[in-house]
Amino acid sequence: MLTLPGPPHCVQQSTLLLDSAVLKCSLTSMTMPPVKYQKGDTVMGRWPGSSLYYEVKVLDFDVKSKLYTVIYKDGTELELKEQDIRSLSGFQTRSRSRSRSQSPGRRRSRSRSPARTTRRSSSRTAAAVAAAAITDSAPSSRKDIKLKDTLEVRLSPLQQTKAAENNSNNKHEKKEENNTASKVNENIEAKADTEPEKNQGRYNLRRRKDDGEGKPEVQEEEVKVAAPAPAATPSTPLDFGGKIGAYFWLLFLPAWVLFVILQGNLEDPSLANFPPPLPPLEAFWDPQALVFVILWILFQVLLYVLPVGKLSEGMPLRSGERLKYRTNGFFAIAVSALAVAAAVHQGVDLTYVHSRFLQLATATFIISVLLSIYLYIRSRYAAPEQLALGGNSGNVVYDFFKGHELNPRIKSFDLKFFCEMRPGLIGWCLINFAMALAEMKQQGLDAPSYSMILVNLFQLLYVVDGLWNEEAILTTMDLMHDGFGFMLAFGDLVWVPFTYTLQAYYLVSHPNPLSLPAVAAILLLKFVGFYIFRKSNSEKNAFRRNPSDPKLSHLKTIPTATGKSLLVSGWWGVVRHPNYLGDLIMALAWSLPCGFSHLLPWYYMIYFVILLVHRDSRDMSECRRKYGSAWDEYCRTVRYRIIPRVY
């Protein structure tokens, strides 16, 4: 037997031990699966989260995890599964076969034409959607075979345009646009993979050395359907309990608003008096209340369409388009305040709002339902790219509730943006002011109580801040992802003005005297929450709009396969949702002036906790789907979701 030289400390090992080791190695090599790609091989590796292939070099193979460590030409190192790697010769063969059927001149011409590129992307997306539907119908054990039988795969070089080379500031945006057409292809590959989800997300992303140099040649995978198939809608998880939940929320939300209004009007609004007595049916309706609401909305429409204020660009849509919005909300609330002050000076009795609170809520509810019906009908004629993915389930009731169309517009008038920021939000402040006047009248006061002043001041500051920073709402989930249907129409027009004013409504009939030290403590709490809320939101908004801003260079990030980065420092390095933390502290400050005699004025605090927990779970699932292993790394880096742990 050949005796192998060993390190100094094991020279005296017995021949028997060496025999055992050699035998063990032989058995291991017999049972270990063959490695398809060897160290040093040049192959094509798929970038995680897309269907784009780059030229890579194999560095290592981990037998335990069955992952290849590869390095791209720009220095990025990733761990890829074998199915995400293709041989270089396969790409070259397909490229040559394509070049025989199409002249190089025509290829260059087509790649330089933005319009043609868009059409090709659209056709690939449509084909991929149909392919996804076919894949879904196949049994899970035969998915890979079905996919191969159904699809014809072609590989062609994706050439960079001159605009991308000349504009280094738009690097991330260009990459995201190139990936948009392949997003459904990514879903096909994910479905075809039968491994557990926990294993498929194990990509070790390291920061690129230099985004501007050594860009590898990109290969793009085109998918064509061999046989015609019916069009399918993009698959998106259903929120709020799905289709059954939509029926529940359509009934529950109006009933809850009715409950809190009737309960707050009781002399003793404790839960022991549940359910509150229902007034006669005619008490719900007042034509004057309907006229009041219509005039208020029309007044806000007039202020919105005036050519005053900045025209702001929204975030890129799936088509790459950026819509423009008239962000003059601060102007609108200032003019509204002057109009209300003038009306009071002329003798208009605003305590009408308190005495007809139920009738005003009923009138606004009717308008929100009519608006929702109009929105759904018009969405049936909208182009597919104008629909919201989350409200495109195919179920009429769910889509009516969630919102079928993403950005419904009448010419340049954006219905969703207007309802989010104007009639309900500014109406919230109007109702609070009317409640302060009603308290003075009912309690015989010369001035509102400290509690009423705090509630009015805090909530006015919240609304004014939102309208002053109106542009920031363009980067929120409501504007970017949620369709405009009953959920948002009812929420903006009814839920916000008639439930967020509950503290002021409660204090009219249930005064709660406060000492000056208590006032000072509540003020301090409010401004701490507001500081966290505003600073964290401003940091997020600035980073989303321009990650390359020199003012943000001190922030640490985790790169993702989408071309975007995740913040892991600043406010967003303390907890994952510092803006939610600030919101919760402010909600606490809004409820404290009402005291602890009843649970009803604490409704907003309880509701907000439930809302933010739900939003956090939505954010987690959406970001895990979108960012994959980079999101897992982010969660390990920023451990606390809303409340930081204090040591």
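In case you wondered, yes, glycine gets a Cβ from its N, Cα and C as well.
Just so you know, TrEMBL annotations never went through curation; they're auto-generated.
Residues or ranges marked as compositional bias 'Basic residues' by TrEMBL: 95-122.
Look at TrEMBL and you will find 123-140 tagged as compositional bias 'Low complexity'.
Residues annotated as compositional bias 'Basic and acidic residues' in TrEMBL: 186-200 (among others).
According to TrEMBL, the feature compositional bias 'Basic and acidic residues' maps to 208-224 (among others).
Marked as domain 'Tudor' by TrEMBL: 35-93.
For 89-141 (among others), the entry in TrEMBL reads region 'Disordered'.
Annotation comment: TrEMBL describes 156-232 (among others) as region 'Disordered'.
Annotated transmembrane segment per TrEMBL: 244-264 (among others), in sequence order. Residues 238, 273-279, 357-358, 361, 365, 395, 397-398, 400-402, 486-487, 490, 494-495, 498-499, 502, 505-506, 509, 600, 603 of the same chain lie 6 or more positions beyond the ends of the transmembrane segment (244-264) yet place their CB under 8 Å from a CB of it.
The transmembrane segment annotation in TrEMBL covers 284-306 (among others).
Annotated transmembrane segment per TrEMBL: 327-345 (among others), in sequence order. Beyond the ends of the transmembrane segment (327-345), by six or more residues, the same chain brings 299-300, 303-304, 306, 308-312, 421-422, 425-426, 429-430, 433, 437, 463-464, 466-468, 470-471 to within a C-beta distance below 8 angstroms of the stretch.
According to TrEMBL, the transmembrane segment annotation covers 357-377 (among others).
Marked as transmembrane segment by TrEMBL: 488-508 (among others).
The feature transmembrane segment is assigned by TrEMBL to 514-533 (among others). Residues 449-451, 454, 458, 461-462, 465, 571, 578-579, 581-586, 588-590, 592-593 of the same chain sit 6 or more residues outside the transmembrane segment (514-533) yet have a Cβ under 8 Å from a Cβ within it.
Annotation comment: TrEMBL describes 554-575 (among others) as transmembrane segment.
The annotation transmembrane segment is assigned in TrEMBL to 587-613 (among others).
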### Message
Which residues of the chain, 6 or more past the ends of the transmembrane segment (284-306), have a CB below 8 A from one of its CBs?
### Response
326, 328, 331-332, 335-336, 339, 356, 358-360, 362-364, 366-367, 413, 418, 422-423, 426-427, 430
### Task
Pop the mean pLDDT for the domain 'Tudor' (35-93) in here, whole number is fine.
80
### Task
Could you put numbers on the helix, strand and coil content of the domain 'Tudor' (35-93), residue by residue per DSSP?
9 helix, 29 strand, 21 coil
